[in-house]
Amino acid sequence: MQSTMKMFGIILMVIFSVSCGPSAPQMKTREVAERTHKCSLVRGTCKSECNSWEYKYNYCHTEPCCVVREYKRMEKLLSTPKYTT
């Protein structure tokens, strides 16, 4: 009777320890989904390689998240005072 209770206890411990928390593939899938979501938040796309006008933000799964570089005007040249004589 005691040996069957010990075996039952061991089996329950194994079942509970294995079933706790997400498995490794589920965590990997969740990380990939979060990275892809972050990529879409910065208006990027997950592609095999980035073009010259894009930069790598982070990696979605194995491919980079490519974000388009924005054109920024040079405010310094536009805001310089004009001198008149």
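From the backbone N, Cα and C atoms, a Cβ is placed for every residue, glycine too.
Given the structure is predicted, the values throughout are model-derived calculations rather than measurements.
Here's what Swiss-Prot has on this protein:
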- Cys39-Cys65: disulfide bond (DISULFID)
- Cys46-Cys60: disulfide bond (DISULFID)
- Cys50-Cys66: disulfide bond (DISULFID)
- 1-23: signal peptide (SIGNAL)
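Swiss-Prot feature annotations superimposed on the structure.
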{"residue": "Cys39", "record": "disulfide bond", "Cβ within 10 Å": "21"}
{"residue": "Cys46", "record": "disulfide bond", "Cβ within 10 Å": "19"}
{"residue": "Cys50", "record": "disulfide bond", "Cβ within 10 Å": "18"}
{"residue": "Cys60", "record": "disulfide bond", "Cβ within 10 Å": "22"}
{"residue": "Cys65", "record": "disulfide bond", "Cβ within 10 Å": "22"}
{"residue": "Cys66", "record": "disulfide bond", "Cβ within 10 Å": "20"}
Reported as an integer number of Å, what is the Cα distance between Cys39 (disulfide bond) and Cys46 (disulfide bond)?
7
Three-state secondary structure of Cys39 (disulfide bond) from DSSP?
helix
Would you mind reading off the Cα separation of Cys66 (disulfide bond) from Cys46 (disulfide bond), to the nearest angstrom?
6
